[in-house]
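Heads up, the thing below is written out as structure tokens.
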């Protein structure tokens, strides 16, 4: 709204609020529109005017192609920036409070740092590094500071001492049997990981919140039908269904995200519905109603913010599951072979496990740490954002 | 009960819709065959369609499909040259050998470790147990399996690398080759259960009835097992079945492939690779029914443990 300091009640400029009609757009919406509209136009241009085999920026001389998944990814990043990060900046006092709560949980802070590394690495890593290339001449190079029996390496790049091949800084984490650099593979895998995490959470949140609020406010048979659908979604064996879809149609990473997030919103929807029902009985909602707030206003200003903390927690705990399934499919060799993932690296190194364990270990440990970090983060967020839950565990 | 039947029905219907909108690999195969032998591919495809009954209207095929699914007439597996039901049965024999010990161990150890953790809250024992739970929860099962196989089978040579399918069920050899798969799955599934039971029993152990029990001089073991564990099991039972099932459906496939166990998961995977539609359908439907029955059991256990909850209104 139109006040500079929302966090202090006595500083609210009531005249300004009375003067505004509640129709002008907030900074967040304006910023979102400023970036999303060009993105949508670019997407439209790419979809309708550019030949499928041609790169998006081919016309002006850049050989950069944007896939539909990347459009979605950028869009969700914008959503997060303007509706999650910017509000935190706008309310420094609340942010500070969350941070002090959050800081008490030391593993969670470490997790956040690790996830920030993965996030930044996934965003800018592919811009700085070239995609991993096959090069049979440099296969099975050991990681730096480690050495491996010379008999296992056809062509040692580093120095050879006592019949053992030593690793070099050129390939800090070694190379695979095809001569791909493991570190580059991991960085490229970060991008895929982040795409899965962001797009899937956005879909789950949007569908879950919509179904939950519609169900709570519509009531009657709409509520009944929506909740029965939610029950089915909750007890649906998604992994098997995805195997079937994969078998019948073949599926890429985009399909993977769609199917898994399409069957993961059940818990969120149920929670939002119960919260919306309990909130609508509160006194302040009645006061809002009497002063003329419509249902959309109540949902937007009170129901969603009240459920946000729990939804964020739920989503943080959902992501590890997605990542795990993706890695499993990639490991089986039936995932998307077009995008580089950690699971692929793990499966690539399996046959050479006995003498080249770094190919499996490096991406495996990165995957393990990422899943662990998401779990710790979810636990810490539960404590920081939800004082009631904390009171329960402190008992 | 009705609900479980309905869910299974919906899943079967979705499967049918998915199948009927997709090009059937066997038709393409027939067309390719005909083209290779100089025949007319279109005619061969038509013949194959007729042979498989795909010319019938959609609703008749749907009824046929439903009938054969529910009468266990799941067709012939070309890849294994045996009826699909027989293949599923054979796979189940190996899958059960590690699933049964795994389920029992998880059900016994999970709540007990959680209870132990809650009884020693915030001590190093609690932290060790919690750390172990987080570790097992977060490490990808297939990755953990590969590492254990590398360490114990390849480097230390304590257990065989290759699974021997002919080992007798109750032999030392079988125990040795199944100990790693069971260990991997138990560490994977115990974490979530342990955490829920720790948090729930922490709530109950400071309750009034525990104070009364202690004041009456009930032995600590009885107090914990009888007065804390029982109410803890109620919220726990909602998560146990779901978690076990999710793990069973996803990870058993991976674990079987890593360890080379010729169970259901491996059959599913091989059928996927060999493009054996009937077998893929049979195994996925079998897993699906297990999931549905599991959810049903969960509801029943819930009402048995806590008589206050009733599902009459459903």
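The chain as shown is numbered from 1 upward.
Glycine too: its Cβ is placed from the backbone N, Cα and C atoms.
If you look up TrEMBL, you'll see A:30-50, A:71-89, A:109-129, A:196-219, A:239-265, A:315-335, A:355-377 marked as transmembrane segment. Positions annotated as domain 'ABC transmembrane type-1' by TrEMBL: A:190-378.
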Region pair the transmembrane segment (A:109-129) / the transmembrane segment (A:355-377), three or more CB pairs under 8 Å: yes
Same-chain residues near the transmembrane segment (A:315-335), Cβ under 8 Å, at least 6 residues beyond its ends: 192-193, 196-197, 200-201, 204-205, 239, 242-243, 246, 253, 256-257, 260-261, 264, 268, 341-344, 346-347, 367, 370-371, 374-375, 377-378, 381
Same-chain residue ranges lying at least 6 outside the transmembrane segment (A:355-377) that approach it to Cβ under 8 Å: 105, 107-108, 110-112, 114-115, 118, 140, 142-143, 146, 148-149, 152, 173-174, 176-177, 182-183, 185-186, 189, 193, 316-317, 319-320, 323-324, 327, 342-343, 345-346, 348-349
